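Asker: What follows is a structure written as structure tokens; I'll ask about it next.
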């Protein structure tokens with residue numbers, strides 16, 4: 001039975017977008033309460049009843065959380081232009097080798113705006 005589970009994480013970070021038109025509000029230094037959702041898709045183990053232990057997923061994300069939370073994203077290698085799209089792919093690239101069943105990364109900058117990257 002193929003199923004998708006997810007776990008949400010939040011972190012606070014500052015950034016600016018260097019490639020927006022002059023005067024664009026996102027070109028100025030600002031911060032967000034980011035939300036990251038990691039989705040895992042796989043077969044449910046008939047014995048445990050789950051795809052993956054949520055604690056394992058939390059532990060796998062912890063090193064990234066520690067690199068992102070309360071940091072200036074533009075200073076992190078690979079995030080020099082830290083749009084939601086770039087951040088979602090960057091997280092995917094870090095997490096996929098550690099969590100092979102990763103099927104999607106969602107990044108939300110606000111309650112109403114974000115993106116989903118599925119490794120395509």
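A Cβ is built for glycine as well, from the same backbone N, Cα and C atoms used for every other residue.
Small disclaimer: the values here were computed from a predicted structure and weren't measured.
Among the features that TrEMBL reports, Zn(2+) binding site is placed at 15, 30, 32. As annotated by TrEMBL, active site, proton acceptor applies to 26. Taken from TrEMBL, the feature active site, charge relay system applies to 70, 109.
Tell me what's around each of these sites.
Answerer: Secondary structure from DSSP puts residue 32 (Zn(2+) binding site) in a beta strand.
Using a 10 Å radius centred on the Cβ of residue 26 (active site, proton acceptor) and all shown protein chains, the other Cβ atoms total 14.
For residue 70 (active site, charge relay system), the same-chain residues that are 6 or more apart in sequence and have a Cβ closer than 8 Å to its Cβ are 11, 12, 13. Taken residue by residue with DSSP, residue 70 (active site, charge relay system) is part of neither helix nor strand, so it is coil.
With a cut-off of 8 Å between CB atoms and residues at least 6 apart in sequence, the same chain places 32, 34, 84 near residue 109 (active site, charge relay system), listed in sequence order.
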Asker: Excluding 15, 30, 32, please set out which residues of the same chain place their CB within 8 Å of the center of the CB atoms of the Zn(2+) site, keeping sequence order.
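Answerer: Near the Zn(2+) site, the remaining chain residues are 13, 14, 16, 26, 29, 31, 73, 109.
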Asker: Should residue 15 (Zn(2+) binding site) be counted as helix, strand, or coil on the basis of DSSP?
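Answerer: Residue 15 (Zn(2+) binding site) sits in a strand per DSSP.
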